[in-house]
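Going by Swiss-Prot, these are the annotated features:
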- 25-45: transmembrane segment (TRANSMEM)
- 206-226: transmembrane segment (TRANSMEM)
- 254-274: transmembrane segment (TRANSMEM)
- 298-318: transmembrane segment (TRANSMEM)
- 330-350: transmembrane segment (TRANSMEM)
- 382-402: transmembrane segment (TRANSMEM)
- 826-846: transmembrane segment (TRANSMEM)
- 850-870: transmembrane segment (TRANSMEM)
- 883-903: transmembrane segment (TRANSMEM)
- 928-948: transmembrane segment (TRANSMEM)
- 949-969: transmembrane segment (TRANSMEM)
Amino acid sequence: MARHDEAKAGGLFDRIGNFVVRWPLIVIGCWIAVAAALTLLLPTLQAQAAKREQAPLPPGAPSMVLQKEMSAAFQEKIETSALLLVLLTNENGLGPADEAVYRKLIENLRADTQDKISVQDFLAVPEMKELLASKDNKAWNLPITFAGDAASPETQAAFKRVAAIVKQTVAGTSLTVHLSGPIATVADLTELGEKDVRIIEIGTAVSVLIILILVYRNLVTMLVPLATIGASVVTAQGTLSGLAEFGLAVNMQAIVFMSAVMIGAGTDYAVFLISRYHDYVRHGEKSDMAVKKALMSIGKVITASAATVAVTFLAMVFTKLEVFSAVGPAIAVAITVSLLGAVTLLPAILTLTGRRGWIKPRRDLTSRMWRRSGVRIVRRSTIHLVGSLIVLVALAGCTLLIRFNYDDLKTVPQHVESVKGYEAMNRHFPMNAMTPMVLFIKSPRDLRTPGALADIEMMSREIAELPNIVMVRGLTRPNGEPLKETKVSFQAGEVGGKLDEATTLLEEHGGELDQLTGGAHQLADALAQIRNEINGAVASSSGIVNTLQAMMDLMGGDKTIRQLENASQYVGRMRALGDNLSGTVTDAEQIATWASPMVNALNSSPVCNSDPACRTSRAQLAAIVQAQDDGLLRSIRALAVTLQQTQEYQTLARTVSTLDGQLKQVVSTLKAVDGLPTKLAQMQQGANALADGSAALAAGVQELVDQVKKMGSGLNEAADFLLGIKRDADKPSMAGFNIPPQIFSRDEFKKGAQIFLSADGHAARYFVQSALNPATTEAMDQVNDILRVADSARPNTELEDATIGLAGVPTALRDIRDYYNSDMKFIVIATIVIVFLILVILLRALVAPIYLIGSVLISYLSALGIGTLVFQLILGQEMHWSLPGLSFILLVAIGADYNMLLISRIRDESPHGIRIGVIRTVGSTGGVITSAGLIFAASMFGLVGASINTMAQAGFTIGIGIVLDTFLVRTVTVPALTTMIGRANWWPSELGRDPSTPPTKADRWLRRVKGHRRKAPIPAPKPPHTKVVRNTNGHASKAATKSVPNGKPADLAEGNGEYLIDHLRRHSLPLFGYAAMPAYDVVDGVSKPNGDGAHIGKEPVDHLLGHSLPLFGLAGLPSYDRWDDTSIGEPAVGHAGSKPDAKLST
């Protein structure tokens, strides 16, 4: 055992070792108490994982934000719910008997008052039948919504009760039931996960047990790591369960993965510690001291290894996807618990079993093989390096063929009930019929306008024309096609139809148009006659007015009735006046009767409006009509009747009295109708103008009829043209779009607007159905195409200031892909930085950590390439999208573990020469690294038996990566590269300096300071080979301390003259002082079960490399100037007696 790798007194592990060795039972008791308390007081980790469903995306993902905005715009409550899809099928066709079973099922579900469920029955809502009944009439879909999260225990319990109701109702009928949907998938995954955990743990434990039997060949030694791992797993699960109570996310994937990682890592730590324990026991240490020294020497390596894995996984808490952020902290906690178990519980168990001799080391069977391997690598380092890199690069190149799978259903076994349900649904319903994408349009403008809806329709039409788009449904196209009523071509056809009807009517009523012409002429003649009568009436009326005026003058003022009595000569004239008034009023009333409709007609006549004469006549006729309506003509008629009734035998007083009343009424009316004579004159003039205008009107009517007949042929041509457009309306390019404002008030529009338009009219949503599988990369790329087309349709429209988004399964998976790419970059950078820093701290160098990081990266890519070959090219399975991230962290971290063990040992051996150090390190650590690698690989290969394909792919890829790393990278690539680089590996530390350069004063002063500050609570253990040497009779005995020329012991000489001793170590024949060189390999292969130095077998020649006086066995070696500056098998240039073909004697 190398002196530089020995247990150093002081420090954390010295104190832990003292405590554990002194009170092992207390340590074991504490572990048992903690594990039991966590198990009894907290729920199981599986129960904690079942309480919440893993969120596929973070809340700030674009698709999640869009969903919230859409729910807010349409005033839909975002409630936690779980969907169950009950698919009822009958391959012979659904009939009345099946409908009766369906109705019975609805009744039974609604009778279930224990569970809060909502059933979408298409029989109760006929409009839903188009979506829930298949076109082939062989399947009905019955969606059932549960209140609560799909993964919560309450919801899962409700699901089991509802599933029982469904199966009992359908049993014995012609219907076949399939249960699918998110809640059914979660139930299946939970059941599979629980089974997988047990199977994986048992299978992994058995495989690890077999490997431990082969490694230790001791039943107790084999069981010690398993006991430590078992206690660590129980404690870690309890710890995670407690942390889950405070919000730590855990899921079944994390649990399964954690179990495999803990078994692998915990066994590795145990193998490292037990192997070092066995080394110390072989070299004569008592069991307790061997436990303590093993912990002191290997504790820092185990801690660095665990820190690498734990910190790397803990960094995943900063990732966005929960598949990483949930697994990372769980693995970090599990690795931390494994480390605590390895440095406390395992040493305590080793202390108890070692005191009783139950874990004695067996003879090492592989050291010689690994030593020869190291010799070959050092001798031909370039060939080994190039050969190993060719293999690694070739395998890594296969990653260029990798294709990722985003469909989680493909990762679940096909025999699972929910998967069968999805397959049956895809057989009977179009792809994405139940889960279309949603195009969401939000605008500051009101979209309930013809222009805005036309722009939305234009956008929808362009989207529908994209490849692999089945249909786009929305307000303007509820069935996937624009409503025919909104097509401009349809509307033009409707106009054409009306014009065609008008043309037919014109043709059918041509004779009536001729009658209209004759009627116009007759009207003109009648109006001419009326004019003559009006002129006569006006003349009489003028006389009446004058007479009445005179009568008013005679009877008005201060005249009395007595004066009228003397005017009896007027009686005859009064009777004549009454007769004239009666005739005139009769004529005026007749004129007013027919003039009223004529005035209305002339008011709406454009011909009359443009003719001044007609307008004047129309005004006069309106005055006559107004006189009749006001009662003026009735008053005059009453006066005429009174005058006509005057009799000779009547007394003048009676007549005058009657006349007095009538005259007052007439006078009162005349006062009300002021200017009647003027109006009568105007009426006479109007009648003349009307008669003259009627002749012109008759001529205009004649011309109008002629023009209408000519229009008939033109209307017929227009009708044929518009009807032709209607016939081509089915072509989208010919259809056009127009929605009249009147349609907004229809019930059909209002009903559709509730689904596709928000209440305030500022948001709209359209459903986009794709023909692609939503979980494919093609569907994700299609999302970008849809958004690009939608965005290109916005400029210069009502939607130019609107925001457009797309929600749906492909959109969410596209977000997952984007977040995965971002998380993967973070994981790679964080892992490389963390591993590099830990290697730098451990090795105190910069060069070696750089190429060690490169080695684990190419090892990871090679493992991923092998996984691609096996699963994708051979088994035909696409790799799950989460595999590269999870496998990267674990392979890099585990590779760093073995790097730390290997390179730290080489560094400790480097003072004796890099090449000798590589040979010794490969020989001494080859078996340990191989055992640890096989154990960890076996734990990962245990995941191959998992039901979930994702875990199987991860287990195989990580397992084969560990095997590749163990047998190729750590045993060939890294040793060869280390040999070629030489002392530059350790730059800029002291070990990286040229040994021929004498130390500076500063170097010597620093060494003296370090020597004074060195603390040693216990004596530093001396190299085992200085304690045991071989006698000629084969028995072990204590060796005396050898002295250097100054007479001081070797260790003192080294401390006081380090520079001298360094040169003595590199002497080709160190006859003295070389005893200070640690060469623990002297006793390799010696078994000392009783600790008395007894051994079996003969010393191999190659073991003499570490002998203090190698007088024999080295004849086959070429001569060296310096052991660490010339590769074995390559003699120094110009050295006498060197032979190019010289070989190391084995």
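Cβ atoms are placed via backbone N, Cα and C, with glycine included.
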Closest-packing stretch to the transmembrane segment (254-274), where packing means Cβ pairs under 8 Å, from 206-226, 382-402, 949-969: 206-226
Candidates 25-45, 206-226, 382-402, 826-846, 928-948; stretch with most C-beta pairs under 8 Å toward the transmembrane segment (883-903): 826-846
Chain residues in Cβ proximity to the transmembrane segment (25-45) (below 8 Å; excluding those fewer than six residues from its ends, i.e. six or more beyond): 19, 231, 234-235, 237-242, 244-245, 250, 255, 341, 344-345, 347-349, 352
Per Cβ pairs under 8 Å, the stretch of 206-226, 330-350, 826-846 packing most closely against the transmembrane segment (928-948): 206-226
